[in-house]
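Notes to accompany the following structure.
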Amino acid sequence: GTLWIGTNLGIAALDTVNGRIVHYGQRDGINGMESNAGTCTRLKDGSIALGGPEGFVIGAASRKPSDPPNTVQLTALRIGDEGERVPPHDGSLRVALGQPVRIQFASLDYRHPAAGLYRYRLLGRGTRWSAPAPTHGVSYVDLDAGRYTFEVAASAGTMTTPPARLAIVVVPPWWDSPAMRALYALLAGGVVLLLIGMTWSRRRTERRYRLDSAAREERLKLALWGSGDALWELDLQRGVLRRMGDLHLLGGPREDVLTIEDWRRYAVHPDDLAQLEQTLAEHLAGHTPFYESEHRLRGADGQWIWIRARGKVSESDAEGRPLRVIGTSRDISSELARERERSIADLVVRSMGEAVAVTDARMHFVAVNPAFTRMTGYTGQDILGQSSSLLDSPDQPEAFVQVHAKLESSGHFSGELWQRKRDGEPILCRIEINEIRDGHGQRTHFVAVLTDVTARRRAEQELHYLANYDPLTGLPNRTLLTERLGDAILRARQMGRLVAVLFVDLDRFKHVNDAHGHSVGDRVLQAAGRRLRAVVRDDDTVARLGGDEFTVVLERVAQTRDAEDIAQKLLEVFAEPMDLGEGREAQISLSIGIALYPLHGLAPTDLLKYADIAMYRAKERGRNTYAVYTEALDTEVRQRADLIVALQRALKREELHLVYQPKLNLAENRITGVEALLRWHSEEFGNIPPRCSFRWPRKSV
């Protein structure tokens, strides 16, 4: 039965059988939302009347909770990644195999949207309905090819609406369609017919071949007899080997017919027997069109010789089993030896670190090794057929003319030539070229071996530069200075001129180095070298001996005054501040010592020493000046050197002692203190007076 309930939101009907509740509001025809208890009655037309605050609440109650819902409609479809679309009017849907399908449906009961339960099934996959559920859609993702019918119905209690249907056809790919399957069957039948025809044709050919085999065998024997090769026939039925021709090439006992086992035992080298039998078995099984083997046989003299045996099945039985094999044997010992020598030579050439190129008699490339490609950048494909002049450097064309002339006359060349790589970079090569002549004495090829000595030459040049030049300033060092000074002295002796040596020291350079760092000090030395170089002539020499010491060699000097003028000009040039960059400047002065050939010395070492002595005299005069060497300076230097040695011994001999000299205040007429003085009494020089200059001794100690 149905229990009707009045609420403040309308009327509710409860089906006491299945517990289903249906609510009726104003949109269902109810003219009021509230009712009073105990004021319910049923009207003649079946309507329900309830008393409420606003009068009677009358509503049509013809529909009960047990009434069936409206008919279900398919509302939307989605295939694969496509968007939703309207179901087809004809109720049929085609889907490609593997595409998922989603079907949406509804009862279109807008008055009771929450009361719908649905069940569905897919005929062709099963006949059982799904359990009723408030779902509005279903998806299928793994349908096989075929035809299906989708059915969905609305369910209300025990009542169900007529189902909505959709026919679904899952279409297989084209290559799996019935038409293609029929085509496959047709092709398979054609293949079978073709195989049958081929088999029949092969058997007919075999019959014809057997009829002609005897004649062909005779002709083959005659042809091979004339070729000088040995002929053999392997009779597989009888297990014997028949031999014709030079038995030396067939090995074993000198018999025309012998068993296969005896031939294997006595003739074939044990290490080659397995390979020989495997090769023969593959041919007998039809895996190879002919039999070919290289193996060793015992010759008539008992020595092993290399044989190349070639053969083919000449007769088979009705079932295709081989009965007879006929072939020839040839001695290839010399051929293998030559191939081995060529392989070794080729391997050696390819493994060489030096580039190897082979040209024809006209000097066109015919072969190069990998080292040649690495050295020049040209591959064999790039250069084969090209003239060797492709590598010639344009800087020395006359050299290559001489090379070709020498090759033409003697067939040999050895020397160093500049070559040009593929990218245009020049390389210096040590080249050895030799000719090759054939058996008739005709020149056929040239073989060139090239070694890249560019790096070695550059290293030699760098070593020569480092051995003769100062790397910081680029000026000659002491070694090159001594050499050039010796040459200058030789020229001056021949021309009756003087040679001046100026020993230049940068005053207080250590202060600049300490204040601004070594990088700034290096820039000062470089700038000093440029200033010195700018003052003297091009044929004069400016060298850096090390540290802050430079030496200038002046040639074509007529008198001492010429050297003094150059020294004065150097002082004036260095009077200008040096720009150190970054807004910093340095004021560097010079102390210059001058010695001249032949006035002060005849040897380069003497001139350098005397110029050095004169430079120290310039420093004693207060720096920023020059001094010319005199013999008195040499005597003084030697005395000071002796004092240095004596002072070093004085510490060990305890020749130094203190004396105290009082300090007298004349105004107060009293002694205010004493002054400690160091005195030296030398065994060699006696008492050394205070007036003796101790600048050098103190510096040395």
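The backbone N, Cα and C atoms fix where each Cβ goes, glycine too.
No curator has checked TrEMBL annotations; they are predicted automatically.
Copied over from TrEMBL:
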| type | residues | note |
| --- | --- | --- |
| DOMAIN | 291-344 | domain 'PAC' |
| DOMAIN | 340-410 | domain 'PAS' |
| DOMAIN | 413-465 | domain 'PAC' |
| DOMAIN | 497-631 | domain 'GGDEF' |
| DOMAIN | 640-701 | domain 'EAL' |
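Here the domain 'PAS' (340-410) has, by DSSP, the following mix of helix, strand and coil residues: 41 helix, 13 strand, 17 coil. Across the domain 'PAC' (291-344), the prediction's mean pLDDT works out to 86. Mapped onto DSSP classes, the domain 'GGDEF' (497-631) shows 58 helix, 43 strand, 34 coil.
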